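Each remark here refers to the structure printed beneath this line.
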Amino acid sequence: MEISANVNDINNYRRMKYLLQLFETILRDLNVPDGIGTPIAIFAGLIVLFLVSFGAHWLTRQIMARIVHQFVEKTKTQWDDFLIQRRVFRALAHISPALIIYYTYDFSGNEFISNLLLGSVRIYFVGIFTLFAVRFANAANDIYQTTPYAVNRPIKGYIQLLQILIICIGVIFVIAVLINKSPLYLIGGLGAIAAVLLLVFKDTILSLVASIQLSANKMLKPGDWIAMPSHNADGTVIDISLNTVKVQNWDKTITTIPTYALVSESFNNWVGMEESGGRRIKRSVNLDMRSVRFCDKQMLERLSHFYILKDYITEREKEIEAHNKKLKVEEGDIFNGRRQTNLGVFRHYLENYLKQHPKIHQHMTFLVRHLQPSEKGLPLEFYVFSKDQEWANYESIQADIMDHVLAILPEFGLRVFQNPSGNDITEFIQQTSLDSKNNQ
């Protein structure tokens, strides 16, 4: 693209020289020397040119705003509303001053200013169409967000890549104008600096590939709850762009994660839990193993008053009695026969209690089990799923279950294991002192 133009071939379209001649005539009548009058005339012509261009831009914007707004109000679709919000048509209003400058740039007798104005207006045209394309891409993304496909397949990253390409093309055209070369000449020379471009746009290229993988494999979408400890992220995805993913944590802070990190590193997506219809409850109680013992008849008779245990205790006693008779084990022989324990009865009680709980999912994983005993006692764990996934309700459900478990344990002769506190030690010392006095 050449900056210099054959001014003589297009003088019929350039009227600025007549205005300059008028200014020069007026200055001569005022006895202003030509050496001073010509620069003053050129300066005055430039001022008039820019004032006319500014007025044309303002007038075009006002007329276009009225026409476009009247058209938008009459349509039922929301697409044109997004074009207004993104100020797409405002970018086109810059065409009128550019055209005025383009058709009146000729300053006869001063080729430098003429060529400078011509080059500037060409750069102005490139900026106008680049701005229009970038804003139109943003509006297209807004329009896409209103479709049902946007929930699972966001395109914001692709839109940003397109905008980068548009801006790069605009920069190439601007450089071509400045160095007075064809844009194809610059594009042909890009191969020589491809390595530099790859280095500069390394993160962008990695993010583009990651965005494609995330979208194609449906790994992530706005609204998903993800946890990524390596980046201190635990919350809801609020934005997915070409280079970053924004996560609003539960403490309302915002964590920004590079898009490619979500492909190169592991993260937890809780959308599977949200779609499953249940939320896992996994809690355990450490029992004092010294409180585990066999159940005598009095304990079994008392525990039979629990309606969820009555049938179980009866059937279990019959099964054990038949087994002991088969082995010819005498009644009361705790060494050779089988007997029920308070822990076993309680475990079955907890199973039945959870099965009858209205807020526990009965068609998902359901376990009540012992874990590995340790110096902190015997952990009894219940592993179930709640029907309600809302955080507050979920916490309330598992808290109610734990409250009930801790309150009912003494009825089975079981004790919760916990490390002694200061009060426990004080009571022990006081009791020891009291026993010593009584023995004296």
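Each Cβ is built from the backbone N, Cα and C atoms, and glycine gets one as well.
Marked as transmembrane segment by TrEMBL: 40-59 (among others).
The transmembrane segment annotation in TrEMBL covers 88-105 (among others). Listed as Cβ neighbours of the transmembrane segment (88-105) (distance under 8 Å, sequence separation of 6 or more from its ends, same chain) are residues 13-16, 49, 52-54, 56-57, 59-61, 64-65, 68, 114, 117-118, 120-121, 124-125, 127-128, 131-132, 135-136, 139.
What TrEMBL lists as transmembrane segment is 117-137 (among others). Long-range contacts of the transmembrane segment (117-137) within the same chain, counting only residues at least 6 positions beyond its ends with a Cβ under 8 Å from a Cβ of the stretch, are 1, 3, 5, 83, 86-88, 91-92, 94-95, 98, 101-102, 105, 107, 159, 162-163, 166-167, 169-170, 173-174, 177-178.
Annotation source TrEMBL lists transmembrane segment at 158-179 (among others). If you look at the transmembrane segment (158-179), the same-chain residues 6 or more away from its ends with a CB under 8 A from one of its CBs are 1, 3, 119, 122-123, 126-127, 129-130, 133-134, 137-138, 140-141, 185-187, 204, 208, 211, 241-243.
The transmembrane segment annotation in TrEMBL covers 185-212 (among others).
As annotated by TrEMBL, domain 'Mechanosensitive ion channel MscS' applies to 203-271. Note on the domain 'Mechanosensitive ion channel MscS' (203-271): its mean pLDDT in the predicted model is 87.
Residue counts for the domain 'Mechanosensitive ion channel MscS' (203-271) under DSSP, split into helix (H, G, I), strand (E, B) and coil, are 22 helix, 25 strand, 22 coil.
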